[in-house]
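Novice: Heads up, here are the entries from Swiss-Prot:
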| type | residues | note |
| --- | --- | --- |
| BINDING | Asp21, Leu22, Asn23, Arg37, His60, Leu61, Gly62, Arg63, Arg115, Arg148 | substrate binding site |
| BINDING | Lys199, Glu321, Gly347, Gly348, Asp349, Thr350 | ATP binding site |
Amino acid sequence: MQVKKLTDLDVRGKKVFIRADLNVPQDEAGNITEDTRIRASIPSIQYCLDNGAAVMVTSHLGRPTEGEVGPDDTLAPVAVRLGQLLHKPVKLIANWVEGGFEVKPGEVVLLENCRCNKGEKKDNEELAKKMAALCDVYVNDAFGTAHRAEATTHGIARFAPVSCAGILMGAEIDALSKALHQPARPLVAIVGGAKVSTKLTILKTLADKVDQLIVGGGIANTFLLAAGKRIGESLAEPEMVREAQQVMDIMKSRGAEVPLPIDVVVADEVSALARANRISVDEVGPHDRILDFGPKTSAKLADIIAHAGTIVWNGPVGVFEHAQFAGGTKMMASAIAHSEAFSIAGGGDTLAAIAKFHIADDVGYISTGGGAFLEFLEGKKLPAIAALEARYEG
């Protein structure tokens, strides 16, 4: 994937429009409760300021009604936090599409919630052209919305004088390309989660590429059903057994493997007080629920991870929120942390597991995109990246 990079451009004296992802959670009083996305946007903004650009930043926040900015929709709290992180005032500009505001080189303003503009979500061409007219350089630094074709992620990239990837977006593209397009072998993928149905496309796409496909959570239970194992009252999708079998067949035909659990942790309910039992996968009773990998399985999978060249991780392998069902995910996380392989991880639950087991510094790259990360794994073209690719030459 070839795109122009912000750091390759001379932005001195230029008006730069940055589409960031500042969609952060807030409490009922409007206080930001978690600011990772704002922090992740700082390098591109700082680069432009340090190099004498006049900087405009915008983002979506929540799911507002187009044409209105309600009290829950405003980026005002984000402007305050951005100012604190940049150590300079950040003015919030409302009704900005037609221009009429001034930004000097070395200054930064925040343009109010872009999803409040009529036509944003439908990638309206007239809106995109008006926004493109505000700038000399358009920067997309919002990988989390790269799978959506909207006016600030796609349309503007077509019409701005120059369109490029920001520092965060560039790092995402480089890391994902390294993991999936030129991986060091063996390539090991870990796909956890409740349902095969929601990740079927990913599983089939990866089955054509990876050397080992580790499945966890409810997905693993469906694969166990496909392998003829009894799973008691475990979460699974019996209607997806044929699809699970197809994934295993694709892997087998390539000489690759889906290593299924040999022992599991079971209980009769999912709760913090549930009594956990470690048993062989062949001993699962009619009322048992499989809630985690057992220690033998975890050790076997940790060995696979230890010998990997590249690791792609999406989804925990057990109900890791409860300590007695966290062993599999914890051992997996530890194996990834100690592996020499290049590792990339993404998806909300995966990030929660990384935080819980304190391995953020030991994962090669942590993707900021939930849906965008999944669609990339599915092999789909992401509209925002496709728009930047189309502008690579001009």
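Keep in mind that glycine also has a Cβ here, set from the backbone N, Cα and C atoms.
Model, not experiment: these values are computed from the prediction.
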Novice: Whose Cβ, among the binding-site residues Asp21, Glu321, Asp349, has more other Cβ atoms within 10 Å than any of the rest?
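Specialist: Most Cβ neighbours within 10 Å: Asp21.
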Novice: Specify the count of other C-beta atoms within 10 Å of the C-beta of Gly348 (ATP binding site).
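Specialist: 10, counting other Cβ atoms within 10 Å of Gly348 (ATP binding site).
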Novice: Taking the Cα atoms as reference points, how far is Gly348 (ATP binding site) from His60 (substrate binding site) in Å?
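Specialist: Per the Cα atoms, Gly348 (ATP binding site) and His60 (substrate binding site) stand 19 Å apart.
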Novice: Does DSSP put Glu321 (ATP binding site) in a helix, in a strand, or in coil?
Specialist: coil
Novice: Of Glu321, Gly347, Asp349, Thr350, which is closest to Asn23 (substrate binding site) if I measure between C-alpha atoms? They're all binding-site residues.
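Specialist: So, of the listed binding-site residues, the one sitting closest to Asn23 (substrate binding site) is Gly347.
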Novice: Looking at the binding-site residues His60, Arg115, which sits with the largest number of other Cβ atoms within 10 Å of its Cβ?
Specialist: His60
Novice: What three-state secondary structure does DSSP assign to Asp349 (ATP binding site)?
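Specialist: Helix, per DSSP.
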Novice: I need the CA-to-CA distance for Asp349 (ATP binding site) versus Arg115 (substrate binding site), whole Å please.
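Specialist: Checking the Cα atoms of Asp349 (ATP binding site) and Arg115 (substrate binding site) gives a distance of 26 Å.
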Novice: Across the record's ATP-binding residues Lys199, Glu321, Gly347, Gly348, Asp349, Thr350, the largest CA-CA distance in angstrom?
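Specialist: Greatest Cα separation within the listed binding residues comes to 21 Å.
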Novice: So for Gly347 (ATP binding site), how many other CB atoms are inside 10 Å of its CB?
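Specialist: Looking across every protein chain shown, the total is 23.
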Novice: Largest pairwise Cα distance, Å, within the listed substrate binders Asp21, Leu22, Asn23, Arg37, His60, Leu61, Gly62, Arg63, Arg115, Arg148?
Specialist: 18
Novice: How big is the gap, in Å, between the Cα of Gly62 (substrate binding site) and that of Lys199 (ATP binding site), rounded to a whole number?
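Specialist: Counting only the Cα atoms, the answer is 25 Å.
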